[in-house]
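Taken from TrEMBL as is:
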type     : residues : note
DOMAIN   : 15-446   : domain 'Major facilitator superfamily (MFS) profile'
TRANSMEM : 21-43    : transmembrane segment
TRANSMEM : 49-69    : transmembrane segment
TRANSMEM : 90-113   : transmembrane segment
TRANSMEM : 119-142  : transmembrane segment
TRANSMEM : 162-184  : transmembrane segment
TRANSMEM : 190-211  : transmembrane segment
TRANSMEM : 244-266  : transmembrane segment
TRANSMEM : 278-300  : transmembrane segment
TRANSMEM : 307-328  : transmembrane segment
TRANSMEM : 334-355  : transmembrane segment
TRANSMEM : 376-409  : transmembrane segment
TRANSMEM : 421-441  : transmembrane segment
Amino acid sequence: MEQKLVLQRQQNSKLPLKVKLAYGLSGYSSFITWTIFSLYGLYFFTDVVGMSAAFAGAIISLGTIWDAITDPIIGSVSDNLKCKKGRRRPLIIGVAVPFVLISILLFTNFGFSETISKLYFVIVILLYYTAQTVLDIASSALGSEMTLDYDERSSLATYKNFFCMVVVIIVSPTLMLATYFGKFFENSSFGWSCTLAVYMVIALACILILWKATKGYERYSEDSNNKIGFKDIKELLKNKSVRIVMAIFALAVFGNTINLSLQVYYYSYYVQMTEAQIASVTMVVGIISCIAAFGVDFLCKKFSKKAAWIIAVGVEALSMIVFIGLIIHPGQVGLIYVLVILMALGLASVYQVPWSMIPDCVDVHQLVTQKRTDGIIFGFIAFLQKVAGAVAIAAVGSTLTAIGYVAAAEQTAETLQSMKYVYGFGCGGIFLITVLIILLYPLSKKRHDDVLEAIDAREQGEAVDMSQFKDLF
């Protein structure tokens with residue numbers, strides 16, 4: 001059965017465009033709440049709910065730590081699920097409505113007392129991250145199983161990342177929408193709830209389309225004895241390719257979370273941009289990043305995934321260091337547009353390239369362990385991603401407090417200068433480190449083809465010389 005499965009998947013590597021587009025919609029549903037929460041979550045808690053920056057950062061970090069803990073658990077459950085409709089798709093459709101409702105509650109301020117309000121948001125954050133984990137792990141592992149082809153996986157990651165970037169465009173008027181809807185309520189903060197409701201109706205539609213269009217493309221052996229447990233994590237860490245992807249992804253997420261969290265503060269207080277200008281820049285970022293997603297795909301196919309990362313993230317890192325750290329001064333809004341254009345390829349690469357590398361690493365792991373562990377690998381890497389995000393959020397909240405930030409007030413010159421240095425040199429430096437690390441990544445398209453050939457040979461009963469793959473694990 002396993003042999004037939006592998007052969008069938010190889011013979012059906014190329015996917016129809018409509019299936020790629022439908023799978024790409026998972027990028028919107030997975031990214032929409034996460035993006036809004038990354039961009040405005042800390043701001044919502046400090047300037048709308050009235051929490052201290054340190055406490056707000058702490059509860060967001062608590063949520064992401066919880067998310068990190070549940071990632072490998074959900075991954076293992078997904079890998080071991082026995083269902084006639086698949087392992088991944090039932091989880092996707094099952095979590096759809098809870099995910100939508102919880103996302104709206106995440107930005108709903110009922111005006112409770114301070115203690116009850118804090119407890120409320122802690123509970124909602126934990127529920128949100130649980131639902132987000134189920135959706136992310138199931139959809140990501142589904143993509144890994146839809147094709148074994150190196151370039152097709154890059155293509156799937158591109159379409160998913162394209163819709164992730166569409167999210168950036170769609171959420172660009174969030175502040176203005178929240179203000180507009182807030183005019184209709186005595187409690188103006190309900191404007192945020194209405195704004196999220198609009199976004200989440202679209203997310204629900206995307207999940208339903210994904211579930212419908214991918215029917216029949218989740219290829220797996222229902223009767224295979226492929227039991228997977230946490231001991232597989234030990235074997236996973238022996239995989240050199242996985243270790244490198246883990247490192248660059250965790251660091252990039254750490255830097256990108258700081259970038260997204262500090263962005264609204266930097267724009268509002270240091271550059272002194274209006275809400276309309278912030279919305280305009282955010283929309284430009286989204287549009288350019290949508291185009292950049294296909295630029296990254298071109299670099300992956302023309303050169304390699306490693307080369308794409310070096311070029312795209314390298315330019316982003318240097319742009320942040322030079323423009324934010326040295327060039328841009330208050331009021332220079334025009335230079336912000338130049339900056340975000342230069343950063344576009346890097347912004348597109350942060351998720352697109354690693355998520356296209358991970359399925360290739362899964363194949364290496366399968367060659368070594370003779371187990372197909374898409375879910376637990378995606379889960380464990382997502383675990384590191386969430387830990388990195390949690391640490392970053394906590395660092396941002398603590399840093400804002402340390403540099404003297406006061407919510408909804410005029411900031412001192414020292415606070416603004418510190419904000420600038422943390423944003424420019426801090427984020428840029430982190431991205432630069434990932435460029436150095438990825439130089440060690442060994443899995444090229446040629447080596448990946450060798451891995452698939454070896455897996456196929458083993459399934460045919462032939463002996464495989466594992467010494468030729470020592471550079472990969």
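Every residue gets a Cβ built from N, Cα and C, even glycine.
Curation plays no part in TrEMBL annotations; they are all automatic predictions.
When each of 49-69, 244-266, 278-300 is scored by its Cβ pairs under 8 Å to the transmembrane segment (307-328), the top-ranked stretch turns out to be 278-300.
Where the transmembrane segment (376-409) meets the stretches 21-43, 119-142, 162-184, 334-355, 421-441, the count of C-beta pairs under 8 angstroms peaks at 119-142. The transmembrane segment (119-142) and the transmembrane segment (90-113) are in contact, since at least 3 Cβ pairs between them lie under 8 Å (pairs 6 or more apart in sequence).
Most Cβ pairs under 8 Å to the transmembrane segment (334-355), among the stretches 49-69, 90-113, 244-266, 421-441, belong to 244-266. Regional average pLDDT for the domain 'Major facilitator superfamily (MFS) profile' (15-446) in the model is 89.
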